[in-house]
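Take a look at the structure below.
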Amino acid sequence: MIETHKPHLEILDSILKCCRELNGSNIVVFEILINAYKKKGFLNEAASVFLGAKNHGFVVDVVCCNSLLKDLLKGNRLELFWKVYNGMLEAKVDPDVYTYTNLINAHCKVGNVKDGKGLLFDMEEKGCSPSLVTYNVVIAGFCRAGAVDEAFELKKSMVDKGLAPDNYTYATLIDGLCKQKKSKEAKLLLEEMCSIGLKPDHIAYTALINGFLKQGLCKVGDMEKVKALFSEMIEMGIKPDTQTYTCLMDGYYKEQNMVKAFELLIEMKNKNLAPTVYTYGVVINGLCRCGDLKRANRVFQEMVSQGFKPNAVIYTTLIKGHVQEGAFDDARKILEVMKEQGVAPDVFCYNTVIIGLCKAGKMEESRKYLVEMVQNGLKPNVYTYGALIHGYCKAGEMQGADSCFTEMLGCGVAPNDVVLQP
(Lines of atoms letter the chains of each structure in order from A and count residues from 1; the text may use other names and numbers.)
(Lines give C-alpha, C1' and ligand atoms only; values in the text may rest on other atoms or scores of the structure.)
Protein backbone atom coordinates (compact mmCIF):
# COMPACT_ATOMS: atom_id res chain seq x y z
CA MET A 1 0.00 0.00 0.00
CA ILE A 2 2.87 2.37 0.77
CA GLU A 3 4.56 1.59 -2.55
CA THR A 4 1.39 2.36 -4.55
CA HIS A 5 1.17 5.78 -2.89
CA LYS A 6 -2.39 5.10 -1.78
CA PRO A 7 -3.54 8.10 0.33
CA HIS A 8 -2.59 7.43 3.94
CA LEU A 9 -6.01 8.50 5.27
CA GLU A 10 -7.66 5.94 3.00
CA ILE A 11 -5.27 3.26 4.30
CA LEU A 12 -5.95 4.37 7.88
CA ASP A 13 -9.74 4.16 7.34
CA SER A 14 -9.38 0.61 6.02
CA ILE A 15 -7.31 -0.47 9.03
CA LEU A 16 -9.65 1.24 11.50
CA LYS A 17 -12.57 -0.65 9.97
CA CYS A 18 -10.71 -3.97 10.26
CA CYS A 19 -9.69 -3.26 13.87
CA ARG A 20 -13.28 -2.46 14.85
CA GLU A 21 -14.40 -5.74 13.34
CA LEU A 22 -11.65 -7.52 15.31
CA ASN A 23 -12.47 -5.60 18.52
CA GLY A 24 -9.11 -3.79 18.48
CA SER A 25 -7.04 -6.95 18.77
CA ASN A 26 -4.75 -6.00 15.87
CA ILE A 27 -3.12 -2.84 17.23
CA VAL A 28 0.20 -4.09 15.83
CA VAL A 29 -1.05 -3.20 12.32
CA PHE A 30 -0.87 0.50 13.22
CA GLU A 31 2.68 0.05 14.47
CA ILE A 32 3.67 -1.69 11.23
CA LEU A 33 2.12 1.13 9.19
CA ILE A 34 3.82 3.86 11.25
CA ASN A 35 7.19 2.11 10.90
CA ALA A 36 6.67 1.63 7.15
CA TYR A 37 5.98 5.32 6.66
CA LYS A 38 8.98 6.27 8.81
CA LYS A 39 11.24 3.98 6.81
CA LYS A 40 10.18 5.75 3.62
CA GLY A 41 10.75 9.14 5.25
CA PHE A 42 7.02 10.00 5.26
CA LEU A 43 6.99 11.54 8.73
CA ASN A 44 3.78 13.52 8.24
CA GLU A 45 1.94 10.34 7.30
CA ALA A 46 3.46 8.37 10.19
CA ALA A 47 2.37 11.03 12.68
CA SER A 48 -1.09 11.21 11.08
CA VAL A 49 -1.54 7.45 11.50
CA PHE A 50 -0.54 7.68 15.17
CA LEU A 51 -2.85 10.63 15.87
CA GLY A 52 -5.70 9.20 13.79
CA ALA A 53 -5.51 5.84 15.55
CA LYS A 54 -5.36 7.57 18.94
CA ASN A 55 -8.43 9.67 18.13
CA HIS A 56 -10.35 6.45 17.43
CA GLY A 57 -9.24 4.80 20.66
CA PHE A 58 -6.40 2.69 19.28
CA VAL A 59 -3.12 3.33 21.11
CA VAL A 60 0.28 2.00 20.02
CA ASP A 61 2.86 1.09 22.65
CA VAL A 62 5.56 3.34 24.11
CA VAL A 63 8.31 1.73 21.98
CA CYS A 64 6.54 2.75 18.77
CA CYS A 65 5.89 6.24 20.17
CA ASN A 66 9.55 6.69 21.12
CA SER A 67 10.73 5.56 17.69
CA LEU A 68 8.41 8.08 16.03
CA LEU A 69 9.51 10.88 18.37
CA LYS A 70 13.17 10.10 17.66
CA ASP A 71 12.67 10.25 13.88
CA LEU A 72 10.69 13.49 14.11
CA LEU A 73 13.54 14.96 16.13
CA LYS A 74 16.12 13.81 13.57
CA GLY A 75 14.03 15.36 10.82
CA ASN A 76 13.80 18.62 12.77
CA ARG A 77 9.99 18.34 12.79
CA LEU A 78 9.59 19.85 16.24
CA GLU A 79 6.00 21.04 15.86
CA LEU A 80 4.91 17.54 14.88
CA PHE A 81 7.12 16.11 17.64
CA TRP A 82 5.16 17.98 20.32
CA LYS A 83 1.81 16.99 18.75
CA VAL A 84 2.77 13.33 18.95
CA TYR A 85 4.09 13.69 22.51
CA ASN A 86 0.89 15.43 23.64
CA GLY A 87 -1.06 12.68 21.89
CA MET A 88 0.90 10.15 23.96
CA LEU A 89 -0.11 11.91 27.17
CA GLU A 90 -3.76 12.13 26.08
CA ALA A 91 -3.70 8.40 25.35
CA LYS A 92 -2.18 7.80 28.81
CA VAL A 93 0.98 6.19 27.42
CA ASP A 94 3.49 6.38 30.29
CA PRO A 95 6.80 8.00 29.23
CA ASP A 96 9.91 5.91 29.86
CA VAL A 97 13.62 6.81 29.88
CA TYR A 98 13.71 6.88 26.05
CA THR A 99 10.74 9.25 25.94
CA TYR A 100 12.37 11.60 28.42
CA THR A 101 15.65 11.47 26.51
CA ASN A 102 13.80 12.52 23.35
CA LEU A 103 12.05 15.33 25.24
CA ILE A 104 15.30 16.60 26.71
CA ASN A 105 16.91 16.46 23.27
CA ALA A 106 14.02 18.47 21.80
CA HIS A 107 14.53 21.21 24.41
CA CYS A 108 18.32 21.26 23.97
CA LYS A 109 17.97 21.37 20.19
CA VAL A 110 16.36 24.82 20.40
CA GLY A 111 18.64 26.06 23.18
CA ASN A 112 16.29 25.43 26.12
CA VAL A 113 18.99 23.62 28.08
CA LYS A 114 17.63 24.67 31.48
CA ASP A 115 14.27 23.09 30.64
CA GLY A 116 16.15 20.01 29.46
CA LYS A 117 18.04 19.82 32.73
CA GLY A 118 14.78 20.32 34.64
CA LEU A 119 13.36 17.22 32.98
CA LEU A 120 16.22 15.19 34.50
CA PHE A 121 14.83 15.95 37.95
CA ASP A 122 11.22 15.48 36.82
CA MET A 123 11.88 12.01 35.50
CA GLU A 124 13.70 10.99 38.70
CA GLU A 125 10.78 12.22 40.80
CA LYS A 126 8.53 9.98 38.72
CA GLY A 127 10.76 6.98 39.35
CA CYS A 128 12.45 6.98 35.95
CA SER A 129 16.27 6.99 36.21
CA PRO A 130 18.19 8.93 33.52
CA SER A 131 20.52 6.82 31.41
CA LEU A 132 24.03 7.63 30.21
CA VAL A 133 22.53 8.74 26.88
CA THR A 134 20.12 11.06 28.71
CA TYR A 135 22.99 12.75 30.54
CA ASN A 136 25.04 12.96 27.35
CA VAL A 137 22.20 14.80 25.60
CA VAL A 138 22.04 17.45 28.34
CA ILE A 139 25.83 17.73 28.57
CA ALA A 140 25.99 18.30 24.80
CA GLY A 141 23.25 20.92 25.09
CA PHE A 142 25.14 22.89 27.75
CA CYS A 143 28.40 22.65 25.77
CA ARG A 144 26.68 23.99 22.64
CA ALA A 145 25.31 26.84 24.74
CA GLY A 146 28.81 27.63 26.01
CA ALA A 147 27.92 26.64 29.60
CA VAL A 148 30.80 24.19 30.01
CA ASP A 149 30.94 24.54 33.82
CA GLU A 150 27.34 23.32 34.10
CA ALA A 151 28.17 20.47 31.73
CA PHE A 152 30.96 19.38 34.09
CA GLU A 153 28.56 19.57 37.05
CA LEU A 154 26.29 17.15 35.19
CA LYS A 155 29.25 14.84 34.54
CA LYS A 156 29.95 14.79 38.30
CA SER A 157 26.26 14.17 39.06
CA MET A 158 26.24 11.34 36.56
CA VAL A 159 29.30 9.69 38.13
CA ASP A 160 27.79 10.10 41.62
CA LYS A 161 24.80 8.11 40.38
CA GLY A 162 27.04 5.28 39.23
CA LEU A 163 27.03 6.10 35.51
CA ALA A 164 30.49 6.04 33.91
CA PRO A 165 31.19 8.67 31.22
CA ASP A 166 31.86 7.20 27.77
CA ASN A 167 33.74 8.38 24.68
CA TYR A 168 30.87 10.63 23.65
CA THR A 169 30.80 12.34 27.07
CA TYR A 170 34.51 13.12 26.94
CA ALA A 171 34.56 14.13 23.26
CA THR A 172 31.66 16.52 23.90
CA LEU A 173 33.36 18.11 26.92
CA ILE A 174 36.69 18.36 25.09
CA ASP A 175 34.98 20.13 22.20
CA GLY A 176 33.15 22.41 24.65
CA LEU A 177 36.41 23.39 26.38
CA CYS A 178 38.15 24.01 23.06
CA LYS A 179 35.37 26.32 21.93
CA GLN A 180 35.94 28.28 25.14
CA LYS A 181 39.66 28.47 24.20
CA LYS A 182 40.59 26.19 27.10
CA SER A 183 42.73 23.78 25.11
CA LYS A 184 45.11 22.99 27.99
CA GLU A 185 42.18 21.86 30.14
CA ALA A 186 40.87 19.88 27.17
CA LYS A 187 44.22 18.08 26.82
CA LEU A 188 44.12 17.19 30.52
CA LEU A 189 40.62 15.79 30.01
CA LEU A 190 41.93 13.67 27.14
CA GLU A 191 44.60 12.30 29.49
CA GLU A 192 41.94 11.59 32.14
CA MET A 193 39.94 9.75 29.52
CA CYS A 194 42.92 7.52 28.69
CA SER A 195 43.68 6.94 32.39
CA ILE A 196 40.28 5.31 32.98
CA GLY A 197 40.72 2.94 30.06
CA LEU A 198 38.80 4.80 27.37
CA LYS A 199 40.39 5.12 23.94
CA PRO A 200 39.82 8.57 22.44
CA ASP A 201 38.39 8.59 18.92
CA HIS A 202 39.01 10.89 15.95
CA ILE A 203 36.24 13.23 17.15
CA ALA A 204 38.03 13.99 20.44
CA TYR A 205 41.41 14.48 18.74
CA THR A 206 39.96 16.63 15.95
CA ALA A 207 38.22 18.85 18.51
CA LEU A 208 41.51 19.23 20.39
CA ILE A 209 43.53 19.95 17.24
CA ASN A 210 40.96 22.53 16.16
CA GLY A 211 40.99 24.02 19.67
CA PHE A 212 44.76 24.55 19.64
CA LEU A 213 44.58 26.10 16.17
CA LYS A 214 41.75 28.42 17.20
CA GLN A 215 43.89 29.67 20.08
CA GLY A 216 46.26 31.02 17.48
CA LEU A 217 49.25 28.72 17.86
CA CYS A 218 49.60 28.52 14.09
CA LYS A 219 49.56 32.28 13.76
CA VAL A 220 52.83 32.59 15.63
CA GLY A 221 54.39 29.77 13.63
CA ASP A 222 54.05 27.17 16.39
CA MET A 223 52.42 24.08 14.95
CA GLU A 224 54.49 21.74 17.10
CA LYS A 225 51.76 20.92 19.63
CA VAL A 226 49.27 20.35 16.84
CA LYS A 227 51.68 18.08 14.96
CA ALA A 228 52.39 16.19 18.20
CA LEU A 229 48.66 15.59 18.70
CA PHE A 230 48.28 14.36 15.13
CA SER A 231 51.26 11.99 15.53
CA GLU A 232 49.86 10.73 18.86
CA MET A 233 46.55 10.07 17.16
CA ILE A 234 48.19 8.02 14.38
CA GLU A 235 50.37 6.07 16.86
CA MET A 236 47.23 5.06 18.77
CA GLY A 237 45.76 3.63 15.58
CA ILE A 238 43.08 6.31 15.35
CA LYS A 239 42.29 7.15 11.74
CA PRO A 240 41.89 10.86 11.01
CA ASP A 241 38.79 11.82 9.04
CA THR A 242 38.14 14.62 6.54
CA GLN A 243 37.50 17.12 9.31
CA THR A 244 40.83 16.30 10.98
CA TYR A 245 42.73 16.90 7.75
CA THR A 246 40.74 20.06 7.07
CA CYS A 247 41.65 21.51 10.47
CA LEU A 248 45.34 20.74 9.90
CA MET A 249 45.29 22.27 6.42
CA ASP A 250 43.71 25.40 7.85
CA GLY A 251 46.55 25.66 10.36
CA TYR A 252 49.27 25.26 7.75
CA TYR A 253 47.66 27.78 5.42
CA LYS A 254 47.48 30.32 8.24
CA GLU A 255 51.17 29.63 8.79
CA GLN A 256 51.68 30.34 5.06
CA ASN A 257 52.94 26.78 4.59
CA MET A 258 51.20 26.03 1.29
CA VAL A 259 53.40 23.02 0.50
CA LYS A 260 52.49 21.12 3.69
CA ALA A 261 48.81 22.04 3.36
CA PHE A 262 48.75 20.74 -0.22
CA GLU A 263 50.54 17.52 0.83
CA LEU A 264 47.81 16.91 3.42
CA LEU A 265 45.10 17.42 0.79
CA ILE A 266 46.77 14.81 -1.46
CA GLU A 267 47.25 12.43 1.50
CA MET A 268 43.59 12.82 2.44
CA LYS A 269 42.42 12.03 -1.10
CA ASN A 270 44.80 9.04 -1.32
CA LYS A 271 43.07 7.64 1.77
CA ASN A 272 39.74 7.90 -0.08
CA LEU A 273 38.55 10.67 2.21
CA ALA A 274 36.41 13.00 0.12
CA PRO A 275 36.72 16.76 0.65
CA THR A 276 33.60 18.53 1.94
CA VAL A 277 32.35 22.04 1.16
CA TYR A 278 34.14 23.15 4.33
CA THR A 279 37.40 21.53 3.13
CA TYR A 280 37.20 23.33 -0.20
CA GLY A 281 36.44 26.57 1.64
CA VAL A 282 39.55 26.18 3.81
CA VAL A 283 41.77 25.42 0.80
CA ILE A 284 40.40 28.33 -1.26
CA ASN A 285 40.74 30.70 1.70
CA GLY A 286 44.30 29.52 2.37
CA LEU A 287 45.37 29.93 -1.25
CA CYS A 288 43.79 33.39 -1.45
CA ARG A 289 45.58 34.43 1.75
CA CYS A 290 48.85 33.30 0.19
CA GLY A 291 48.06 35.23 -3.01
CA ASP A 292 47.84 32.11 -5.20
CA LEU A 293 44.65 33.07 -7.06
CA LYS A 294 45.27 30.75 -10.03
CA ARG A 295 45.29 27.68 -7.83
CA ALA A 296 42.37 29.02 -5.76
CA ASN A 297 40.33 29.35 -8.98
CA ARG A 298 41.31 25.81 -10.04
CA VAL A 299 40.23 24.40 -6.68
CA PHE A 300 36.95 26.31 -6.99
CA GLN A 301 36.33 24.77 -10.43
CA GLU A 302 37.20 21.31 -9.07
CA MET A 303 34.69 21.83 -6.28
CA VAL A 304 31.93 22.73 -8.75
CA SER A 305 32.84 19.81 -11.05
CA GLN A 306 32.48 17.44 -8.05
CA GLY A 307 28.86 18.56 -7.68
CA PHE A 308 29.33 20.83 -4.66
CA LYS A 309 27.46 24.12 -4.52
CA PRO A 310 29.72 26.92 -3.23
CA ASN A 311 28.17 28.94 -0.41
CA ALA A 312 28.28 32.69 0.24
CA VAL A 313 31.42 32.34 2.39
CA ILE A 314 33.40 30.66 -0.41
CA TYR A 315 32.28 33.16 -3.04
CA THR A 316 33.14 36.05 -0.71
CA THR A 317 36.56 34.52 0.01
CA LEU A 318 37.34 34.35 -3.72
CA ILE A 319 36.05 37.87 -4.29
CA LYS A 320 38.15 39.19 -1.41
CA GLY A 321 41.25 37.44 -2.74
CA HIS A 322 40.84 39.03 -6.17
CA VAL A 323 39.99 42.45 -4.75
CA GLN A 324 43.10 42.43 -2.56
CA GLU A 325 45.24 41.66 -5.60
CA GLY A 326 43.56 44.45 -7.57
CA ALA A 327 41.86 42.00 -9.96
CA PHE A 328 38.55 43.88 -9.95
CA ASP A 329 37.30 42.51 -13.28
CA ASP A 330 37.60 38.94 -11.99
CA ALA A 331 36.01 39.94 -8.66
CA ARG A 332 33.02 41.41 -10.52
CA LYS A 333 32.65 38.25 -12.62
CA ILE A 334 32.68 36.05 -9.51
CA LEU A 335 30.03 38.26 -7.90
CA GLU A 336 27.84 37.94 -11.00
CA VAL A 337 28.28 34.14 -11.09
CA MET A 338 27.37 34.05 -7.40
CA LYS A 339 24.09 35.88 -8.08
CA GLU A 340 23.34 33.77 -11.18
CA GLN A 341 23.72 30.62 -9.06
CA GLY A 342 21.10 31.89 -6.62
CA VAL A 343 23.55 32.63 -3.81
CA ALA A 344 22.63 36.03 -2.37
CA PRO A 345 25.57 38.27 -1.42
CA ASP A 346 25.37 39.38 2.22
CA VAL A 347 26.57 42.57 3.91
CA PHE A 348 30.06 41.14 4.40
CA CYS A 349 30.33 40.28 0.70
CA TYR A 350 29.26 43.75 -0.43
CA ASN A 351 31.58 45.34 2.13
CA THR A 352 34.48 43.31 0.73
CA VAL A 353 33.85 44.75 -2.74
CA ILE A 354 33.11 48.30 -1.56
CA ILE A 355 36.15 48.50 0.74
CA GLY A 356 38.43 47.22 -2.04
CA LEU A 357 37.05 49.68 -4.59
CA CYS A 358 37.33 52.58 -2.14
CA LYS A 359 40.97 51.75 -1.42
CA ALA A 360 41.59 51.76 -5.18
CA GLY A 361 39.88 55.15 -5.52
CA LYS A 362 36.98 53.74 -7.59
CA MET A 363 34.36 55.80 -5.78
CA GLU A 364 31.68 55.91 -8.47
CA GLU A 365 31.62 52.12 -8.74
CA SER A 366 31.71 51.61 -4.97
CA ARG A 367 28.68 53.90 -4.68
CA LYS A 368 26.82 51.76 -7.25
CA TYR A 369 27.38 48.67 -5.11
CA LEU A 370 26.07 50.55 -2.07
CA VAL A 371 22.86 51.31 -3.99
CA GLU A 372 22.59 47.67 -5.14
CA MET A 373 23.13 46.50 -1.58
CA VAL A 374 20.26 48.65 -0.26
CA GLN A 375 17.99 47.63 -3.16
CA ASN A 376 18.56 44.00 -2.15
CA GLY A 377 17.23 44.75 1.33
CA LEU A 378 20.60 44.82 3.09
CA LYS A 379 21.48 47.49 5.62
CA PRO A 380 24.96 49.04 5.24
CA ASN A 381 26.92 49.11 8.49
CA VAL A 382 29.61 51.34 9.95
CA TYR A 383 32.32 49.54 7.94
CA THR A 384 30.45 50.20 4.67
CA TYR A 385 30.08 53.89 5.36
CA GLY A 386 33.54 54.14 6.92
CA ALA A 387 35.15 52.83 3.72
CA LEU A 388 33.15 55.23 1.55
CA ILE A 389 33.86 58.25 3.76
CA HIS A 390 37.60 57.58 3.84
CA GLY A 391 37.59 56.83 0.11
CA TYR A 392 35.95 60.15 -0.69
CA CYS A 393 38.32 61.99 1.67
CA LYS A 394 41.35 60.33 0.08
CA ALA A 395 40.08 61.38 -3.36
CA GLY A 396 39.53 64.93 -2.12
CA GLU A 397 35.77 64.68 -2.69
CA MET A 398 34.65 66.18 0.60
CA GLN A 399 31.07 66.68 -0.59
CA GLY A 400 30.75 62.93 -1.19
CA ALA A 401 32.23 62.21 2.25
CA ASP A 402 29.83 64.65 3.91
CA SER A 403 26.88 63.16 2.02
CA CYS A 404 27.84 59.63 3.16
CA PHE A 405 28.26 60.75 6.77
CA THR A 406 24.80 62.39 6.75
CA GLU A 407 23.28 59.29 5.13
CA MET A 408 24.94 57.07 7.76
CA LEU A 409 23.46 59.07 10.64
CA GLY A 410 20.06 59.13 8.91
CA CYS A 411 20.09 55.33 8.75
CA GLY A 412 20.75 55.12 12.49
CA VAL A 413 24.32 53.86 12.08
CA ALA A 414 26.56 55.30 14.81
CA PRO A 415 30.09 56.28 13.70
CA ASN A 416 33.04 54.52 15.35
CA ASP A 417 36.55 55.79 16.06
CA VAL A 418 37.79 54.79 12.61
CA VAL A 419 35.10 56.84 10.85
CA LEU A 420 35.82 59.87 13.05
CA GLN A 421 39.58 59.75 12.46
CA PRO A 422 40.84 62.86 10.64
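Keep in mind that glycine also has a Cβ here, set from the backbone N, Cα and C atoms.
Per TrEMBL, the features are as follows:
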- 26-60: repeat 'PPR' (REPEAT)
- 61-95: repeat 'PPR' (REPEAT)
- 96-130: repeat 'PPR' (REPEAT)
- 131-165: repeat 'PPR' (REPEAT)
- 166-200: repeat 'PPR' (REPEAT)
- 201-240: repeat 'PPR' (REPEAT)
- 241-275: repeat 'PPR' (REPEAT)
- 276-310: repeat 'PPR' (REPEAT)
- 311-345: repeat 'PPR' (REPEAT)
- 346-380: repeat 'PPR' (REPEAT)
- 381-415: repeat 'PPR' (REPEAT)
Legend entry - Cβ-Cβ under 8 Å with the repeat 'PPR' (241-275): same-chain residues at least 6 beyond its ends: 202, 205-206, 209-210, 213, 217-219, 221, 223, 226, 230, 233, 282-283, 285-287, 289-290, 292, 303, 306
Legend entry - Segment confidence, the repeat 'PPR' (381-415), expressed as mean pLDDT: 90
Inset, instruction - Tally the residues of the repeat 'PPR' (166-200) by DSSP class, grouping H, G and I as helix, E and B as strand, and everything else as coil. - result: 26 helix, 0 strand, 9 coil
Inset, instruction - For the repeat 'PPR' (346-380), jot down how many residues DSSP puts in helix, in strand and in coil. - result: 26 helix, 0 strand, 9 coil
Legend entry - Within the repeat 'PPR' (276-310), residues counted as helix, strand or coil by DSSP: 26 helix, 0 strand, 9 coil
Legend entry - Sequence-remote partners of the repeat 'PPR' (166-200) [C-beta within less than 8 Å, at least six residues beyond its ends]: 132, 135-136, 139-140, 142-144, 146, 148, 151-152, 155, 158, 207-208, 210-212, 214-215, 236, 238
Legend entry - Residue numbers, six or more beyond the limits of the repeat 'PPR' (201-240), whose CB comes under 8 Å of its CB atoms: 167, 170-171, 174-175, 177-179, 181-183, 186-187, 190, 193, 247-248, 250-252, 254-255, 257
Inset, instruction - Kindly report the helix/strand/coil residue split of the repeat 'PPR' (241-275) according to DSSP, in that order. - result: 26 helix, 0 strand, 9 coil
